[in-house]
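Quick look at what TrEMBL lists:
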DOMAIN    1-181  domain 'Major facilitator superfamily (MFS) profile'
TRANSMEM  12-29  transmembrane segment
TRANSMEM  35-52  transmembrane segment
TRANSMEM  64-83  transmembrane segment
TRANSMEM  89-109  transmembrane segment
TRANSMEM  133-153  transmembrane segment
TRANSMEM  159-177  transmembrane segment
Amino acid sequence: MVVGLRMAEGGASYIFFAFSLAYGAYRGIPNQVMLEGLTISMMIVTVTALFYGRLSDRLGRRTVYMAGAIGLMLVAFPFFWLIDTREPSLVLLAYVLADSVVLAAMVGVQPSYMAELFKTEVRYSGMGIGRELSSVIGGGIAPMIATALLAKYHSSTPVAIYLILLGLVTVVALLFTPETRPREARRADLA
């Protein structure tokens with residue numbers, strides 16, 4: 001299940017962090033504009049990831065992670081549309097939506113959620129194997145797939161569809177994964 005859970009976050013991370021720079025160059029956008037958008041959004045992630053982690057204590061890990069996966073599917077096309085404007089403020093908005101809002105929802109919850117899916121005796125190996133396997137399957141090849149799609153179709157549409165499919169894999173995995181929010185947090189909500 002961990003492999004499926006990480007498909008959206010892993011694949012999207014590599015597309016938003018690596019492929020998007022090549023896409024910006026393809027669209028004639030100065031590399032500085034792309035890097036500034038990415039850097040600023042990553043600085044914001046340091047706050048929003050913590051926010052989502054805390055929110056998952058109240059609403060549940062699965063709920064917040066699901067919101068991130070669905071958010072990825074919703075932002076896939078607008079991310080590229082905003083970059084296509086070549087307007088620096090809209091490029092920044094694309095990165096903030098994709099990274100600081102959507103990916104942060106998954107990244108902020110991931111450590112606790114995935115650790116809580118396993119018994120203590122197998123937690124490290126279960127989480128580690130699943131996480132690293134998904135990095136290869138979902139993340140590592142994502143920029144190559146995105147580049148091949150762009151080269152073949154000369155459009156971001158197939159890349160956005162690919163992002164949506166990654167989000168869908170994660171949503172399906174979440175449907176078969178239990179909520180793991182600590183009981184203490186649930187009891188605190190009742191008090």
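Cβ coordinates are placed from backbone N, Cα and C, and glycine is handled just like the others.
TrEMBL: automatically predicted annotations, no manual curation.
Because the structure is a prediction, the values reported are computed rather than measured.
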Under an 8 Å Cβ to Cβ limit, what residues of the same chain, 6 or more beyond the ends of the transmembrane segment (35-52), are close to it? 16-17, 20-21, 64, 68, 88, 91-92, 94-96, 98-101, 103-105, 107-109
Would you report the average pLDDT that the model assigns to the domain 'Major facilitator superfamily (MFS) profile' (1-181)? 93
